[in-house]
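Student: Okay, these came from TrEMBL:
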DOMAIN    1-206  domain 'Heme-copper oxidase subunit III family profile'
TRANSMEM  32-53  transmembrane segment
TRANSMEM  78-96  transmembrane segment
TRANSMEM  105-129  transmembrane segment
TRANSMEM  144-166  transmembrane segment
TRANSMEM  178-201  transmembrane segment
Amino acid sequence: MSWTQIFTDKPWLPEAAGEVPDTDTGKAPGQIALRMLLGAITILFLLFFVTFIERSQFQDFHALAGEPWQPFTDSMRLWVNTGVLLLASLCLHWAVRTSQKQQAILLLLGGGFFAALFVVLQVSVWQFLYNLGYGLAENPANSYFYMLTGVHATHIIGGLFALLLVGRKYLAGADTGVALRACATYWHYLFVLWLVLFFMLTRTPETYAIIAAFCGLG
């Protein structure tokens, strides 16, 4: 497999199904490309997290949780979003495991619905913050919240387009087993990433100080 093929393969699309394993690695090119994609996303968010923790130690950084008047001291809205994204991930998981075509189609539709609902609920959280006076530029913590959740939502939307293409091919009778498993893996990854975001964005100043000291950023 050439280096150009690694970057042009799209493992989340149906064309990835039925791939021949790479002779050097024993893995299909689509699997390699998916791992590279997830690795790139991981590096991106790790860089975000490092700058976030470092920025949290400045005086003008005001955490979004910890005091009764702060918006995410009660994080019920984010818990609802978490439950919705979990349902999307479970639907994809069950779609891969089922042997019945009709059931798989319903699960794919369910996964897409819950993923789209998650994005809608995220927009409602942004509106909630804005209405409370937590605008994008009012506080560095606000800026990071909008940015991190926005980038995550963008990856969700990208996954929805891929899922739509996989679903269309599946309805047409194409072999989409590999592509469907790749979509499920991608969705599980985004769910775990959301859990990390949820934790990072709703901590108290004291917790940020502990994390910063542990990472040598204090």
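Keep in mind that glycine also has a Cβ here, set from the backbone N, Cα and C atoms.
Map the listed features onto the structure and describe their local environment.
Tutor: With a cut-off of 8 Å between Cβ atoms, the residues of this chain six or more beyond the transmembrane segment (78-96) that come close are 72, 104, 107-108, 110-115, 117-118, 121-122, 125, 163, 180-181, 183-184, 187-188, 190-191, 194-195, 198, 202.
With a cut-off of 8 Å between Cβ atoms, the residues of this chain six or more beyond the transmembrane segment (105-129) that come close are 71, 77-78, 80-81, 84-85, 87-89, 91-92, 94-95, 98, 135, 142, 145-146, 149, 153, 156-157, 159-160, 163-164, 166-167, 170-171, 187.
Sequence-distant neighbours of the transmembrane segment (144-166) (same chain, 6+ residues past either end, Cβ-Cβ under 8 Å): 10, 12-14, 41, 44-45, 48, 52, 55, 64, 92, 108, 111-112, 115-116, 118-119, 122, 125-126, 129, 136, 176, 179-180, 183, 186-187, 190, 193-194, 197, 200-201.
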